[in-house]
Amino acid sequence: MTILRAQGISKRYGGLLALSEVDVTVEDNEFVALIGPNGAGKSTLLNVLTGLASPTTGTIELAGQPVTKASTHARIRAGLGRTFQHGRLFDRLSVLENVMVGAANRPGRSEAQLEAAARESLARMGLAHLAPLPVSSLTYGNRRMVELTRALAGGPRVLLLDEPAAGLNSGEVEDLMARLRAIRAEHRLAVVLIEHNMGMVMRLAERIAVLNFGRKIAEGTPAAIQTDPAVLEAYLGSGSSYAAR
Amino acid sequence: MALRALALAAFLAIGFALSLSVSEYSLRLLNLAAISATAVIGLNFAFGYAGLISLGHSAFMGLGAYILAILTTQAGWSPWLAALPAILGTGLAAILIGVPLLRLKGHYLALATLGLNVSFGIVAANWIEVTGGTNGISKIPGVSVLGHSLEGERPFLWLALVVIAVLAVAASLIQRSRYGRAMMAVRDDETAAAMTGINVTATKVAAFALSAVYAAVAGCLFAAHVHFISPDDFNFAHSITFLSMLIVGGEGTIAGAIIGAVLLTFLPEWLRVLGESYLAFFGLMMLAILIFMPTGIVGLLSRLRRPARSEAPAALVAPGEGARP
């Protein structure tokens, strides 16, 4: 079944058309990557999907329900989750409390159940030892892992990850990939990944959509995308213009 | 948990000991400090937790005081009964005002709440048939418990201590619940808070209304203690004083709210020798606190405690105030 469906999404900022007639569908339990050069509209698309920006045209459905006009928190409660490009934690709360805020997204839990759920989420991510620390004491890599844990604690059915590997060292990227695989083995969860690290995208994604100048120029399996002429042109420039430089 | 119970017991013990030992004049100041502390614990919800700069806190205290004063003097209600509509009505007013007002942020919100406070004073001074205008409302009855009148400074302080204890416990429970965490999450990062499923607008309005409810309790205490209220008792200068108390004591902490309220009530008396230059001293002191100890007295105390802990490995360091489950 289709868990997330966005159709004909356009987003105009004044004279700039940041997104033009973009269709995105994500099936239950699927791993989709969204790639494209800088400024292609990837983050704008995530903002539209999460309700931080409203689309100029187009409709969005989450688990079959229309959410085009829904507020961000209503979409999160309906099963959406997201992390940010640079990791946004609540700096005055501890690691455990940050994850408890995420866990509170699932209704009807007592404080004790919230804490137990948050500790379990942290343990699954191998972060149990960080629980009592203030988030200001975390390394950049751990901040991003805690943010991911917080999003997972909310029990999303679709998780949108905005460049989760940016700023991580190669060991941390390997760790992140292992965690993402483990998460998908444990939870029934679809993932939409925005990422510039092509090695990571090609190894994890089942399907890749490519954006350029606000349009979707290609979509397919990693193998098909790697040889798609439109994608090669977007990333490398066309033969003639490349030669002309 | 045990630490908080200990702090509560210490607070009540010190308050009770002071009530038996100090002069009548100091008792009066302690009562004023207790009334301010009630308001400042409330302001902590809006400013300390949710990060909403409110310079209109005094207006909500005034609204509570006026409702109680009008119902007791004109309708003949008992103060206990009149306190209910005073507190709930003020909370409701804060919700109605908060929904449009809390779209504003930072200094825009500060200025808008300041305007609210000024407007309240103008209405209170000119709606003469209801509020008595600048003459205010006098002969507000005092409170009694089980037939024992709480007239006099000492019994009133006992009542105030109990009220503060109850409200402080309630504030502590809220702070450590999902609602308190939601307020702090909204203050730290609104977008990220929404992205964890928090209704940011509702959380802000709730924090604002809760702070107004505490202010209304303070207003009721004030009216029942002084027996007379006028618009000047609730002008915006008092709102700024409440904010100063919270910042000096330590925003985000209940102990800080109480310490700040007591300190800034007594400081003008202790520094009476400075005469007119007191305000200059006060201004410089506020500057120094904002620059050198932005987390207030409570923040300074916990920073002084920390060096003893730093010998433990980082992961085993006892959690800070915000980290305790």
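A Cβ is built for glycine as well, from the same backbone N, Cα and C atoms used for every other residue.
What TrEMBL records for B:31-52, B:83-102, B:109-128, B:156-174, B:205-228, B:240-266, B:278-301 is transmembrane segment.
Contacts between the transmembrane segment (B:83-102) and the transmembrane segment (B:240-266): absent, as fewer than 3 C-beta pairs lie under 8 angstroms at sequence separation of six or more. Residues 244, 246-251, 253, 255-256, 259-260, 263, 267-268, 271-272 of the same chain lie 6+ residues outside the transmembrane segment (B:278-301) yet bring a C-beta within less than 8 angstroms of a C-beta in it. Between the transmembrane segment (B:31-52) and the stretches B:156-174, B:205-228, B:240-266, the greatest number of Cβ pairs separated by less than 8 Å involves B:240-266. Listed by sequence, the residues of this chain that lie at least six past the ends of the transmembrane segment (B:205-228) yet keep a Cβ under 8 A from its Cβ atoms are 31, 34-36, 38-39, 41-47, 49-50, 52, 54, 57-58, 60-69, 79, 82-83, 86-95, 98-99, 101-102, 136-143, 156, 159-160, 163, 167, 171, 174, 179, 183, 186, 234.
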